[in-house]
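According to TrEMBL, the features are:
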type	residues	note
BINDING	His99, His101, Glu105, His143	Fe(2+) binding site
BINDING	His99, His101, Glu105, His143	Ni(2+) binding site
SITE	Asp104	site 'May play a role in transmitting local conformational changes'
SITE	Arg107	site 'Important to generate the dianion'
Amino acid sequence: MATIRMRNTNKRLTQEQEVQSFLDEQGVLYEHWDMEKLPNDLRDIFLLSDEKKQEILSIFDSEVSSLAKRRGYKEWDIVALSDATPNLDELLKKFEQVHVHTEDEVRAITAGNGIFTIKGDSGYFDVELSAGDVISVPVNIPHFFTLMENRQVVAVRLFIDASGWVAHLYEDPDFKS
Ligand SMILES: [Fe+2]
């Protein structure tokens, strides 16, 4: 389940209901997928062949279709990151810059963890995600994504148009790392 940390005050939200209400208020979609559906050989595996990625997408076909239908997403794929990823440190350095996109950034975590840092009404907040958490950072909202200490994640990504999914850097004097 996701937890929230307010960067200004260090206040944490850890109760499901308060996390859900807070994200609703910020316009951030937050849902769950049932990871019990994943067979053991697809759980906590961070080096995935194309076949395995396809298998995960098939298992969550109805969840993906529901999200796509409700929100207009047209394409989806799977991203897997871990210490086995070439240039992981460089990638993370690039990720950890505040930016915006011209469409939602949608991630359904199927293994590992990740953090979205998002600009909210009262400053930046971190959303710490684990397997089963689904989040959509709205279009044009400043944010960035990074990994947690375990440095591993598998996530389904959904796009309206993956080719237009570009990070536009957002210079923000309010952001303190
Ligand atoms: Fe992004």
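Every residue gets a Cβ built from N, Cα and C, even glycine.
Highlighted in sequence order, Val100, Val137, Ile141, Pro142, Phe144, Phe145, Ala167 have their Cβ within 8 Å of the centre of the Cβ atoms of His99, His101, Glu105, His143, the residues recorded for Fe(2+), and are not part of that set.
A sphere of 10 angstroms centred on the C-beta of His99 (Fe(2+) binding site) encloses 19 other C-beta atoms.
DSSP gives His101 (Fe(2+) binding site) a coil state; it is part of no helix or strand. A separation of roughly 14 Å, to the nearest angstrom, links the Cα atoms of His101 (Fe(2+) binding site) and Arg107 (site 'Important to generate the dianion'). The C-beta environment of His143 (Fe(2+) binding site), restricted to residues of the same chain at least 6 apart in sequence and closer than 8 Å, consists of Val98, His99, Val100, Glu105, Phe116, Thr117, Ile118, Lys119, Val137. Within 10 Å of the C-beta of Asp104 (site 'May play a role in transmitting local conformational changes') there are 22 other C-beta atoms, taking all protein chains into account. In the three-state DSSP assignment, the secondary structure recorded for His143 (Fe(2+) binding site) is strand. Taking the recorded positions His101, Arg107 in turn, the residue surrounded by the fewest other Cβ atoms inside 10 Å of its Cβ turns out to be His101. There are 23 other CB atoms within 10 A of the CB of Glu105 (Fe(2+) binding site), with all protein chains counted.
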